[in-house]
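Asker: According to TrEMBL, the record shows the following:
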- 1-81: region 'Disordered' (REGION)
- 38-54: compositional bias 'Gly residues' (COMPBIAS)
- 152-180: repeat 'WD' (REPEAT)
- 215-256: repeat 'WD' (REPEAT)
- 257-298: repeat 'WD' (REPEAT)
- 299-340: repeat 'WD' (REPEAT)
- 340-380: repeat 'WD' (REPEAT)
Amino acid sequence: HHPDSSRRSRAPRGGCGRRLGGPLTRRCPATPSRRGKGCAGRGAATCGGAGTGCGAHACPRSPSLGRRRREAAEEEVDETPQEKKLRLAKLYLEQLRQYGESRPAVGAGTPAGRPRALTPALMRYGRGRGSPAHIPLSLQVQPPDPASIRVLRGHQLPVTCLVISPDDRFIFSASKDGSLIKCKCFFGATPGWEVESGKRLCVVPGGKKGTEEKHMGHASHVLCMAISSDGKYLATGDRNKLIMIWDTVTCKRLHIFTGHRDAVSGLSFRKGTHQLYSASHDRCVKVWNVAENAYVETLFGHQDVVTGLDSLSRECCVTAGGRDGTVRLWKIPEESQLVFYGHQGSIDCIQLINEEHMVSGADDGSVALWGLTKKKPLALARQAHGMQDAQGLQQPYWISAVAALRNSDLLATGSHSASVKFWKCGEGFRKLEPLWDIPLVGFVNSLKFSAAGDFLVAGIGQEHRLGRWWRVKEAKNSICIIPLKGRAAAPSPEAPDSS
């Protein structure tokens with residue numbers, strides 16, 4: 001059972017089987033469509049055969065098209081996305097079976113011959129389906145020691161966003177002052193932090209408003225950032241509607257994407273690719289190809305500013321829709337979106353846990369755990385960070401950041417309640433169980449787990465990343481690194497007593 005989906009209105013098909021455009025998607029005319037070549041020429045909108053200008057490829061109705069190509073084209077048109085998935089799954093399983101049968105028996109003297117290779121399409125399908133199983137890491141991690149938290153300073157104004165490089169060696173952070181900082185961050189072979197840990201390797205200062213043409217960096221608040229899974233590209237988005245692409249090694253700006261009509265509030269690279277998704281206060285999501293410096297398409301659906309975005313390996317992304325009260329899953333190939341309801345306030349942050357589950361936080365103080373096949377939350381923790389007395393009124397602490405250790409049951413949430421909270425996803429992702437609180441003073445505007453799960457990084461500021469509703473004067477604009485240690489293994493009952 002799937003949630004209610006707000007499908008884009010389908011445009012009629014031309015004679016060549018291509019969709020002739022629709023109100024909810026715009027593609028760049030210079031960018032090839034992922035579904036093949038489209039109709040070209042003045043008459044492509046009607047695609048009526050001879051004299052219509054359908055020059056990009058021959059129409060199935062054209063008498064010059066061979067029988068084999070006509071049948072292939074008709075089969076491609078008739079096959080729905082669900083049928084294509086089922087067909088690919090069957091082929092993938094069949095080739096895996098052949099791979100197993102072709103392997104020699106253990107101990108055979110002859111070298112193993114290579115079985116028939118999987119096709120690229122099936123390899124991509126297998127990678128999308130082959131994510132690691134759910135790992136209950138919450139039971140293997142000790143409550144962090146507050147004394148072991150390392151604080152890194154450098155930004156003059158509140159830290160708004162940060163990312164960790166895929167190899168866990170570097171942290172990139174950005175701030176309301178427009179600056180970007182790259183610093184070293186990794187554990188040594190011996191316990192504790194290395195001497196060079198926390199060293200600033202690169203600083204791109206922020207510029208003043210109006211100096212965008214001359215200044216290499218941002219000239220307004222940086223609200224979001226993302227790093228590609230190969231660690232090659234860094235993307236940053238600001239209040240001035242700009243997306244900047246950086247080389248992560250040299251910190252040199254490579255390109256600027258323009259196109260959003262309001263502040264860029266969310267960025268995410270699709271895992272294993274250089275495809276970039278961006279979300280904005282203009283209520284739309286855009287898709288970019290960073291390697292080719294190209295715009296791909298725009299997705300519409302949200303009725304309010306989009307405040308957060310995330311993605312993994314599949315060709316889809318999830319977004320938090322602010323005060324429209326929805327979380328949305330955008331299925332790019334199917335040109336559809338699934339809409340989820342559950343929070344009562346503005347949904348300000350979201351992150352995928354794995355390919356099937358995600359977590360979100362809202363300014364009504366709630367943290368929601370979602371399954372992508374249910375339109376309502378699987379679990380909802382109300383007033384997750386407690387209540388505050390704001391101008392004589394009792395209201396929940398806003399949830400300003402969420403983080404998930406990928407493919408595990410360990411979560412973290414942040415607010416301005418003077419603590420970061422750790423959570424466990426219990427009972428098959430149907431329950432949220434609080435674990436520990438780590439004291440941190442200030443607005444927790446960003447949270448990220450390292451890929452190995454051995455530390456959590458928090459971006460702290462005196463103000464919320466999206467506004468200035470409150471100010472925590474005693475807070476320090478900084479990055480806090482929280483080490484996570486594993487529990488000591490329990491002695492085996494069969495082992496002799498070493499004492």
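Cβ from N, Cα, C; glycine included.
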Asker: Could you pull out which residues elsewhere in the chain have a CB under 8 Å from any CB of the repeat 'WD' (257-298), counting only those six or more residues past its ends?
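Answerer: The answer is 25-28, 30-31, 127, 221, 223-229, 232-233, 235-245, 304-313, 315, 317, 319-320, 330, 332, 466.
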Asker: For the repeat 'WD' (257-298), how many residues does DSSP put in helix, in strand and in coil?
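Answerer: In the repeat 'WD' (257-298), the DSSP-based counts are 0 helix, 24 strand, 18 coil.
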Asker: Can you break down the repeat 'WD' (340-380) into helix, strand and coil residue counts using DSSP?
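Answerer: Residue counts in helix, strand and coil order: 0 helix, 21 strand, 20 coil.
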